[in-house]
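See below for the structure under consideration.
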Amino acid sequence: MQPLAEATTISKIAAVIVAAGRGERAGQSIEGPKQYRRIGGEAVLARTLRAFIDCPLVDSIVVVIHPDDHVLYERALQENCDTILVVNGGATRQESTRLGLLALRDYAPQYVMIHDGVRPFVSQDLLKRIVENLAPDEGVLPALAVSDTLKQSATDGTVKTTVPRVGLFAAQTPQAFPYTPILDAHEKAFAISRSDFTDDAAIAEWQSIAVRIIEGSADNTKLTWAKDIEMADKRLRQDHVSFPDIRTGNGYDVHSFEPGDHVTLCGVKIPHEAKLNGHSDADVGLHALTDALLATRGAGDIGTHFPPSDPQWKGAASRIFIEHAANIVREAGGRIANVDVTFISEAPKIGPHRAAMTEALCDMLGIAADRVSIKATTNEKLGFVGRREGIAAIATATVIYPGEVPE
């Protein structure tokens, strides 16, 4: 599939994935709205989009998201962001769909499939059958015959009547249509402020566009409630043994002594007969830990981001460096699970200041004290450390990233 911006031929079939909702019925989550909740190690929306990315019958994809969700979207999609056109949605699903259809106008597809972003189990077989049933004057609606007995209630909550279920179907998505007629139908509804249609087939019906019903898929469920998401996650984890993306980075730094009256280690000033020589504040512990965090993203080292040749970092507090590295980790969805710093030094003694260093690292990284380890050892009077010419530090960071280790 080509990125829309690079398309050189008219697309035959496009897909609009509607994912701009707030998902209030699914409850609140630190991961964001339900389309960004994780099932089987990946975001719901990422799994939904993958079905269309992998479908050779689909030429172009537009995804409609909430204006506030761009960071969540990029974090969820990662590698596939460049192949999909992203547009901001509106206040309702109907308005978001219209905006998605409008985004395709310059690419003039012959047909368009419109799909809920929270139906992550759409199959290649269903997509194929939808395409096989497309016609220039008809839409296609996957649906399942209603199997439950339907009751209509009276105003007092008692049963008024049993509704015959013969000929009744539960609609699914993707719903597919000739592109121009369904866009025109949405534009007409918008022009007269009609926003009460519950799906695109209803708008097509309103405009006398024939819609053919085909058999849907029982697996093609919509994730509406928090329990739906939990069940989807359980289902995927039963079907697939995944290896979480846990990464470990190491860092090493050394600074020599020069005349002075204190050293700064892990953000804590410690009185000493000398200070450490460096372009910044020479905090050897934070420098090593900054490199360790950057290593978990393959993001170079501290010199890449803060070159010692740059005068703006002269005398700078190393807190700036480690918070920058932590932000890089978090922007990629990473969670810092553990950090460990070992100082190699004859003096000063680290033990009396360990608690203060731990507290400082907790504040800089936003993690609990039991995820921070600070240790020290001597060099048994060997080498430059043994001669009290400087201090070295070794740091290790463990970070958990979204997704899993690829096979």
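For all residues, glycine too, the Cβ spot is worked out from N, Cα and C.
Divalent metal cation binding, as stated in Swiss-Prot, involves Asp253, His255; the candidate among His186, His287, His305 given for that site is His287. A simple way to gauge crowding: the CB of Thr378 (site 'Transition state stabilizer') has 13 other CB atoms within 10 angstroms, across all the protein chains here. Close to Ile302 (4-CDP-2-C-methyl-D-erythritol 2-phosphate binding site), meaning Cα to Cα within 10 A, are none of the recorded positions out of Lys34, Arg165, Lys222, His255, His279, Thr378. Taking CA atoms as the reference points, Asn379 (4-CDP-2-C-methyl-D-erythritol 2-phosphate binding site) and His255 (divalent metal cation binding site) are 15 Å apart. Annotation for His287 (divalent metal cation binding site): spatial neighbours Gly251, Asp253, His255, Ile302, Ser318, Phe321, Ala393, criterion Cβ-Cβ under 8 Å with sequence separation of six or more. Over all protein chains present, the Cβ of Ile302 (4-CDP-2-C-methyl-D-erythritol 2-phosphate binding site) has 25 other Cβ atoms lying within 10 Å.
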